[in-house]
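Features as listed in TrEMBL:
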DOMAIN    1-222  domain 'tRNA methyltransferase TRMD/TRM10-type'
BINDING   Gly110, Ile130, Gly131, Asp132, Tyr133, Val134, Leu135  S-adenosyl-L-methionine binding site
Amino acid sequence: MRIDVLTLFPGMLDGFLSESIIGRARERGHLEIGVHNIRDWATDKHRTTDDRPLGGGAGMVMKCEPVFAAIEAVQSPGCRRIYLTPDGAPFSSARAEALSRESHLVFLSGHYEGIDQRIRDTVIDEELSIGDYVLTNGTLAAAVIIDALARFIPGVLGEEKSLTHESFTACLLDFPQYTRPATYRGMAVPEVLLSGNHTAIGKWRRAEQERKTALLRPDLLNSSNTTA
Ligand code: ADE
C-alpha cells in the first residue's frame, strides 16, 4: 500500500514513521509512506497557505491553490483522498480494516479554522474524525488512522493471530492479560491461567470479555460494529 500525507507540519510524523511496527512495515516494503509539506506548493513569495475567512470572522482558512496543487501532485487514478476533520464521520476498527484494502490513500491534514469548502467539495472522497474533540491540526489524526489500518495489512503484524482475539474485532473488549511471576507483591494471577487447560482458559477469557464489555462499553453489545 502507498500512503501520502499532506500537512503543514511534516516533522510531527518523524518518530511515528520510523519507530516500532510502522517503521518495520516500511523497511520490509509492506507500506510506502510519503510525507509532504503543503507549503511546498505555495507559489507567492511568502509561501502563503492560509487567508482570512470571506464574510468575516476569527482565524484563518487554508487556501485552495496550494492544497489543490498538492493533491493533484500526489494523487493517482483510483486513490482515496481523505480529509481529517472533527466534523468527519467517526473512525472505527471496521473503517480501518476497509481502508487497509485500498492500494493508495492520500491524507489531507487541515489547520486553523478549516479549509476552503471547495477543496472538500471536489478533491476529497471521504472525511474522517478520530473523536469528539478538536486537535490543533489533523496530522496526529492521520497518524492514528495509518497506525490502525496498517495492523490489518497482511504481514505487518508478525503474528497474524494477534488480530483475531483482540478488542473490537469481535465487538468485545479484550480479556485481562498476565505474565510471570504468578504472584507479585501478594497479587496472584487467576488460577485457571496456570492450569494448562486450554478449554477452561478459553471459556474464562470469553467470560471476562463479556463481563468487561458489559461494565465498560455496554453500547458495543447492542451495536453491530462490523459495518465499514
Ligand atoms: N482535526 C482536528 N481535530 C480532529 C479530529 N478530532 N479528528 C480528525 N481530524 C481532526
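Glycine too: its Cβ is placed from the backbone N, Cα and C atoms.
TrEMBL feature annotations superimposed on the structure.
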residue	record	Cβ contacts under 8 Å, 6 or more apart
Gly110	S-adenosyl-L-methionine binding site	Met62, Tyr83, Leu84, Thr85, Asn137, Gly138
Ile130	S-adenosyl-L-methionine binding site	Leu84, Phe91, Ala141, Val144, Ile145
Gly131	S-adenosyl-L-methionine binding site	Pro90, Phe91
Asp132	S-adenosyl-L-methionine binding site	Pro86
Tyr133	S-adenosyl-L-methionine binding site	Pro86
Val134	S-adenosyl-L-methionine binding site	Pro86
Leu135	S-adenosyl-L-methionine binding site	Pro86, Ala141
> For the S-adenosyl-L-methionine site made of Gly110, Ile130, Gly131, Asp132, Tyr133, Val134, Leu135, how many Å separate the two farthest Cα atoms?
Replying inline: 16
